[in-house]
Amino acid sequence: MESPIQIFRGDPGPTCSPSACLLPNSSSWFPNWAESDSNGSVGSEDQQLESAHISPAIPVIITAVYSVVFVVGLVGNSLVMFVIIRYTKMKTATNIYIFNLALADALVTTTMPFQSAVYLMNSWPFGDVLCKIVISIDYYNMFTSIFTLTMMSVDRYIAVCHPVKALDFRTPLKAKIINICIWLLASSVGISAIVLGGTKVREDVDVIECSLQFPDDEYSWWDLFMKICVFVFAFVIPVLIIIVCYTLMILRLKSVRLLSGSREKDRNLRRITKLVLVVVAVFIICWTPIHIFILVEALGSTSHSTAALSSYYFCIALGYTNSSLNPVLYAFLDENFKRCFRDFCFPIKMRMERQSTNRVRNTVQDPASMRDVGGMNKPV
C-alpha cells in the first residue's frame, strides 16, 4: 500500500554526526523541517540546531525494522504470487487483485536496503539512475496499492449487494484488465517521478540527496502541489470510496440472513469480505499517521521537537511495514491461502493428509460437503 515515503528516505539531511542526525531534506510531499527555501538556502542555524537532537539509535532501529520488512515482505509477497499462479482454484477475481497488491508490495520491499543505507550514511551513494528507479517504485507502490484496495472494496460491494451483476463483472479476466488499468493510471505519477527524480549535491554539507528536483524559483509551489495531489488522490478519495462501499455492505449483511441459496457459499462470501476489510483497515491504520503529518505540515504547523521528528521517522517506517503484513494476514485469515502455504512449505505432509482425506471420503460420502478434493473452499 503504501508509499512515497521512500523519497523522504532517499533524501539526506544537512548533517549527521555521531551525536545527532538531522531530518532528511526532502523534495517529496512529506513534511520538511530542515528543508531549503525557494531560493535554495538552508533554514536558519537556530532552526537546524533545534531539529538536530535525534538519537543516533533511531536510524539503527529503523534500519532493523526495514531489514525485517525486506525479508518478510519480499518472501511473503513472492509466495502469495506463486500460490495464485500455481493453484488453479486460487485464480479468483479477489485473488487476482491480491496478486496485484503483492506485486506492488514486493517491488517496494526491494528498495529497503537502499533506504536503510541512506538512513545510516545520511547521503545517497547509489547514483542518479538508481535514484530515479527507487523514487518511481515508491510512487508506483503507493498509487497501485490504494487503487487496488479500492477496487477490491468495490468488488466486494458488488458481490454482496448485487450478486446477479457480480456474475458478469466479477471474473478473473476482468480483474486482470482492471489491474492493467491501475498500473497505467499509476504510470502517470510513476513516469513523472522518473523524469523529476534525481540526485543533487549539497556542497554546503557535502552530501548527495535523492529527491524530486523542482525549479528553485517555484520550489515551494510545486512541493505543496505535489503534497496536496498525493493526499487527495492517493488517500482521501480512495478511503471515502472504501468507507461508502463497506457501509453499504454492512447494511446489506445486517438486513439479510442468507445472501445466497447455500449456507456454505454464504459463509465463504462473508469470510472473503472480512479478509478484504481487514487488509484495507490495516493499510489505512499504517498510512494515516504519515498523512496526518503531511496535512499538519501543509498547514504550516510543524514542530522541531525531538519527539515530533522521532514520531515522523517511525510513522514512515509504519507505512512501509504494511508491505510485509498482508501475507501474514492471508495466512491467518484465509484457509485457502493457509492450505496453499502449507502445501508449498510441507509438500510431503500435505500430500499424506490429502490421501488420508480421500480415503475417508471414498468410505463415507458427504453430499453436503462444499470442498473440492484438495480441501479448498469454493471461490466466491
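Every residue, even glycine, has its Cβ placed from backbone N, Cα and C.
When the topology recorded in Swiss-Prot is consulted, Pro56 and Arg170 turn out to be separated by the membrane. According to Swiss-Prot, the cysteine that forms a disulfide bond with Cys210, out of Cys131, Cys315, Cys340, is Cys131. Asn25 is the residue among Asn25, Asn322 that Swiss-Prot labels N-linked glycosylation site.
At the 8 Å Cβ threshold, with sequence separation of at least 6, the transmembrane segment (174-196) comes into contact with the transmembrane segment (133-154) through 3 or more pairs. Its Cβ placed at the centre, Cys345 (S-palmitoyl cysteine) has 10 other Cβ atoms within 10 Å. Between the transmembrane segment (312-333) and the transmembrane segment (96-119) there are 3 or more Cβ pairs closer than 8 Å, counting only residues 6 or more apart in sequence, so the two stretches are in contact. Taken residue by residue with DSSP, Cys345 (S-palmitoyl cysteine) is part of a helix.
Helix, strand and coil counts from DSSP across the topological domain 'Extracellular' (120-132) read 7 helix, 0 strand, 6 coil.
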